[in-house]
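Taken straight from Swiss-Prot:
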ACT_SITE  Glu197  active site, proton donor
ACT_SITE  Glu413  active site, nucleophile
BINDING   Gln49, His151, Asn196, Glu197, Tyr340, Glu413, Trp463, Glu470, Trp471, Phe479  beta-D-glucoside binding site
DISULFID  Cys216-Cys224  disulfide bond
CARBOHYD  Asn118  N-linked glycosylation site
CARBOHYD  Asn445  N-linked glycosylation site
CARBOHYD  Asn489  N-linked glycosylation site
Amino acid sequence: MESLMRLVLVLFPFFVVFFVPLDHVSSESISRANFPDGFVFGTASSAYQFEGAVKEGNKGESIWDTFTKEKPGKILDFSNADTTVDQYHRFHNDIDLMKDLRMDAYRFSISWSRIFPNGTGEVNPDGVKYYNSLIDALLAKGIKPYVTLYHWDLPQALEDRYEGWLSREVVDDFEHYAFTCFKAFGDRVKYWITFNEPHGVSIQGYDTGIQAPGRCSLLGHWFCKKGKSSVEPYIVAHNILLSHAAAYHTYQRNFKEKQRGQIGISLDAKWYEPMSDCDEDKDAARRAMDFGLGWFMDPLINGDYPASMKSLVEERLPKITPEMYKTIKGAFDYVGINHYTTLYARNDRTRIRKLILQDASSDSAVITSSFRGGVAIGERAGSSWLHIVPWGIRKLAVYVKDIYGNPPVFITENGMDEKNSPFIDMEKALKDDKRIGFHRDYLSNLSAAIRNDECDVRGYFVWSLLDNWEWNSGYTVRFGIYYVDYKNNLTRIPKASARWFQTILSGSSSTSDSSKLILLEEATEQQQEYKFQEK
């Protein structure tokens, strides 16, 4: 009986999340008042997607510079981010937009190859000067910087030298890079994020090969010249965990006492809903969570990989030694969650997918889908992978609370895209009611997770302030609450969603009707106001 009770206590959180339905919350209005005092609202970006100026300021090349030039066919419109939205030159204007929206914070990333053009060696003073200027400009407007150290753009020099994240050498180099940033900027930056979406880096860069550095072995290297999809993702993830822990402890030893900052990591996390009520699909949904969020959260919380991963991946999963356990477990002050959508999950009984692909993505023995019985889980956004499922963010928050002990969480990315096409005129693009509804309903569910379920969620970052270059999608989709006119000097024009955020962050409740927020004629007149003026 005693052992049975222990089993019940272990399984209880799992039972609560997957078996007890949460109310699906939808609200016609939402405001800052629906969140606790001190809750942070901000927007998010990354260096490669926003900065441009890839050949200015003595910046070195990154793996994404190389990837877009050597493999342009892997970008939907064959584009690159050489210019993108040119925030490198326009950040003062963009900060004014954030201030106008009443945002509290801005999450951006530092380009490693701007600080160290060769990955290591001499610090580039031009890079330090640029980020000092950006940080100072944010603080001058009362906006807190949340700084990501790595958002996918490894210096190409390190990829050439020792194959980047596949080598244990990268741990020391990342620690040195992090130390340099803490020393240069930590007197003003109090929230650091070591890595953005390490799961995405591992799978998309080293399993499917659709993102930099483009390594895979699918169908006998049909898609990639180099790589091993069943092994390399696990090595990369392991080295990223060690690098994160090294940066965390470097901060604790050298900077924490004086700077009083916090160190986190941003993990991409879908919610997985069982396809049916049968036990095998419920187990599959839990495995999907293990192979996604749990791949990194379990080591940080418990000091080891999830049991399901150790069982299914076996010897291909690197071992966390007792020494690593001491370093990795508890190596965070908060967790960032990047959440966009929810999928159905069912058990892969036949394992044919695994037999054919021989890759890490099929190790979990889970098949996911946005459809059940021919019905979509939610309305589709611009991209086929993104369906709008607001209740998923609440279930995810409760899962993190119940499974991982309710750590401090920031939603470091949430947003939706719409198609960018020459056949969509500006007037239609500015009237983005769907985006307003998306954020209203996701925020309503997040508020319920905080107020009703007692989840320790402390902030919400919109992806994104501006339309921008979106990795494999290039410029074919728009995530911004500001429209970027790519044909007219990269002019920033507020969409209805921008004015909606301005209203709710000013303390007022707001409807989702864009006609009550901003007239499209007014938005057109405001183009001149937001045009770039050289400083």
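Using N, Cα and C of the backbone, Cβ positions are placed for all residues, glycine too.
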Candidate recorded positions Asn118, Cys216, Asn445, Asn489, pick with smallest Cα gap to Trp471 (beta-D-glucoside binding site):
Cys216
Using a 10 Å cut-off, grab the number of neighbouring Cβ atoms around the Cβ of Asn445 (N-linked glycosylation site), all chains included.
25
Determine the most Cβ-crowded residue among the disulfide-bonded residues Cys216, Cys224, using a 10 Å radius around each Cβ and all protein chains in the structure.
Cys216
What Cα-Cα separation, expressed in whole Å, is found between Tyr340 (beta-D-glucoside binding site) and the residue listed as 'active site, nucleophile'?
8
Using C-alpha positions only, work out which of the recorded positions Asn118, Cys224, Asn445 is nearest to Asn196 (beta-D-glucoside binding site).
Asn118
Neighbour count, 10 Å Cβ-Cβ cut-off, for Trp463 (beta-D-glucoside binding site): what number do you get?
24
Residue among recorded positions Gln49, Glu197, Glu413, Trp463 with Cα closest to the Cα of Asn489 (N-linked glycosylation site):
Gln49
Rounded inter-Cα distance in Å - Asn118 (N-linked glycosylation site), Gln49 (beta-D-glucoside binding site):
21
